[in-house]
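Before any comments, here is the structure.
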Amino acid sequence: MSKRDYYEVLGVSKSASKDEIKKAYRRLAKKYHPDVSKEENAVEKFKEVQEAYEVLSDEQKRAQYDQFGHAGSSQGFGGGDFGGGFGFEDIFSSFFGGGSRRRDPNAPRQGADLQYQVTLEFEEAIFGKELNVEIPVEDPCDTCHGSGAKPGTTKETCKYCSGTGQISVEQNTPFGRIVNRQTCRHCSGTGQMIKEKCTTCHGTGKVRKRKKINVKIPAGIDNGQQIRVAGKGEAGVNGGPAGDLYVVVHVREHEFFERDGDHIICEMPLTFAQAALGAEVEVPTVHGKVKLKIPAGTQTGTEFRLKGKGAPNVRGYGQGDQYVVVRVVVPTNLTAHQKELLREFAGQEDKDDSLFGKLKRAFKGE
């Protein structure tokens, strides 16, 4: 089943402000919260609302979603925490009296996402490229297989929090006794303690290493876009899945080509004679040189379209065009004969063929 549009999920317009999106999210999250809602598919709807908010609350993710739809939003952007800054715990706290639901400290958790910057030449971005990148990651320790405990030993349940990862702290206040729950400092909230630590990773369960990863850059990618490589981020916690790697692409400027989405733009200088009398010229494209007929009387700023000579759409939706913008170069070092002909040209209102012929031969050195 295809995903619903994120704006439709939250019930907001595509021009909605951040505050409108946040209000819609809070309202729907409260409505479909599994602990409150009695609707049969409340869990699925709650997850759908969470996913929509995660994308639309982030400016970069939202811009990419607006451009590419669900295919673009799945690529992600940035490193570290990719959440929208207002998650499940915020909702639970604001709606249900400030006390967040206790999570299993030993439950599997996904590893952190990583970001890698890569710079491509203009043509490499047009045609795509396969790269082998080397990134620093934290992988599970091979010695203890990620447990952090010395081989042959096991973790023990924390005696201070009885494996809950939290301890209760009582406080007497003018309003009575208040019990607060805090993260257990003895086990750092894991609920387990390592009596004999692994000597390789010193009890962390992870080791820092450099990993080589093959990344396929799709043809037509543009400056600032990114590729998501699933499962190539940091190792998961407690057996959870690894995070993702996001490769952010930067494209070097070209000497005379410019990108405008899938289209390529270049400026074509023409001599006075070529522009006035017409000519056939060779135009460079990323696909090779092509011949272009310039009609007589072409002016600076005139634009010619070379169909299919642009960049391929990164999502596979066709091919862009190349636009050639004319710039007429006014001659600066004229011979006496050329000056004489131009004066004759300026003085004649009827620009007859014989004068055009003289001008053409003069400017071509014939």
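In case you wondered, yes, glycine gets a Cβ from its N, Cα and C as well.
Per Swiss-Prot, zinc finger is recorded for 128-210. Taken from Swiss-Prot, the feature repeat 'CXXCXGXG motif' covers 141-148, 158-165, 184-191, 198-205. Sequence annotations record features per position, and here Swiss-Prot assigns Zn(2+) 1 binding site to Cys141, Cys144, Cys198, Cys201 based on sequence analysis. Look at Swiss-Prot and you will find Cys158, Cys161, Cys184, Cys187 tagged as Zn(2+) 2 binding site.
Locations of recorded Swiss-Prot features on the structure.
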{"residue": "Cys141", "record": "Zn(2+) 1 binding site", "DSSP class": "coil"}
{"residue": "Cys158", "record": "Zn(2+) 2 binding site", "DSSP class": "coil"}
{"residue": "Cys184", "record": "Zn(2+) 2 binding site", "DSSP class": "coil"}
{"residue": "Cys198", "record": "Zn(2+) 1 binding site", "DSSP class": "coil"}
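The Cβ of Cys144 (Zn(2+) 1 binding site) lies under 8 Å from the Cβ of Lys150, Pro151, Cys198, Thr200, Cys201, Gly205, each on the same chain and at least six residues away in sequence. Counting residue by residue with DSSP, the zinc finger (128-210) contains 0 helix, 39 strand, 44 coil. The two recorded residues Cys161 (Zn(2+) 2 binding site) and Cys141 (Zn(2+) 1 binding site) have their Cα atoms spaced 27 Å from each other. Note: the CA-CA distance between Cys158 (Zn(2+) 2 binding site) and Cys141 (Zn(2+) 1 binding site) rounds to 22 Å. Reported as a whole number, the C-alpha separation between Cys184 (Zn(2+) 2 binding site) and Cys141 (Zn(2+) 1 binding site) equals 25 Å. Here the repeat 'CXXCXGXG motif' (184-191) returns a mean pLDDT of 85 for the predicted model. Other residues of the chain with a Cβ within 8 Å of the Cβ centroid of Cys141, Cys144, Cys198, Cys201, the Zn(2+) 1 site, are Asp142, Thr143, His145, Gly146, Ser147, Gly148, Ala149, Lys197, Thr199, Thr200, His202, Gly203, Thr204, Gly205, Lys206, Val207. Cys198 (Zn(2+) 1 binding site) is surrounded by 22 other CB atoms, counting those within 10 A of its CB over all protein chains shown. Sequence-distant neighbours of Cys141 (Zn(2+) 1 binding site) (same chain, six or more apart, CB under 8 Å from its CB) are Gly148, Cys198, Thr200, Cys201, Thr204, Gly205, Lys206, Val207, listed in sequence order.
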